[in-house]
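S.K.: One structure, as structure tokens, below. Some questions next.
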Amino acid sequence: MFNKNQGSNGGSSSNVGIGADSPYLQKARSGKTEIRELEAVFKKFDVNGDGKISSKELGAIMTSLGHEVPEEELEKAITEIDRKGDGYINFEEFVELNTKGMDQNDVLENLKDAFSVYDIDGNGSISAEELHEVLRSLGDECSIAECRKMIGGVDKDGDGTIDFEEFKIMMTMGSRRDNVMGGGPR
């Protein structure tokens, strides 16, 4: 999910929201869909919803992608990304990490990779059961009924599953437990 071309360039950032003057956010805003997609992906990483990604949350995502990463390496990765120095990755740092040297094709590839994680049986669609299994592996205690509601919110053809095009819509909407429960995007 992360851009392999990233580097570390000191500086500070604010956790009070997204700095409008951030060059990375300005670049991402050049495609409004891209920033919404990044926000949705950030929310998936930010399992507890506190607005930042911890090494534990990063580890859960990496494990779900089939990569067992030792805690020390996760902490080192966080330190390299964490310009604010608080031990977490905030949204602005996440956008910077995921937009440095990236174009729309890279974003599309990242979404395809994410889709393949959720499409456990590889049949080209994601069922409520597959969504449930992946979200639970990430620490999200959602029910099958909630997963069905999430899928129902973007299932344009009514087949009870989501294909890649519907998945892109779901990621853009940030469709997750918060939307299912009527809270809307965080």
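Placement of Cβ uses the backbone N, Cα and C atoms for every residue, glycine included.
Sharing the record's features from Swiss-Prot:
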type: BINDING; residues: Asp119, Asp121, Asn123, Ser125, Glu130; note: Ca(2+) 2 binding site
type: COMPBIAS; residues: 1-17; note: compositional bias 'Low complexity'
type: DOMAIN; residues: 69-104; note: domain 'EF-hand 2'
type: DOMAIN; residues: 142-177; note: domain 'EF-hand 4'
S.K.: Please work out the number of neighbouring Cβ atoms within 10 Å of the Cβ of Ser125 (Ca(2+) 2 binding site), leaving out its own Cβ.
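M.R.: The answer is 21.
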S.K.: Across the whole of the domain 'EF-hand 2' (69-104), what does the mean pLDDT come to? Round it, please.
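M.R.: Overall, the domain 'EF-hand 2' (69-104) comes to a mean pLDDT of 82.
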S.K.: Work out the three-state DSSP category of Asp121 (Ca(2+) 2 binding site).
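M.R.: It is coil.
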S.K.: Using DSSP, would you call Glu130 (Ca(2+) 2 binding site) helix, strand or coil?
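M.R.: Its secondary structure by DSSP: helix.
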S.K.: If you take the centroid of the Cβ atoms of Asp119, Asp121, Asn123, Ser125, Glu130, the listed Ca(2+) 2 site, which other residues of that chain have their Cβ within 8 Å of it?
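M.R.: Neighbours within 8 Å of the Cβ centroid, excluding Asp119, Asp121, Asn123, Ser125, Glu130: Tyr118, Ile120, Gly122, Gly124, Ile126, Ser127, Thr161.
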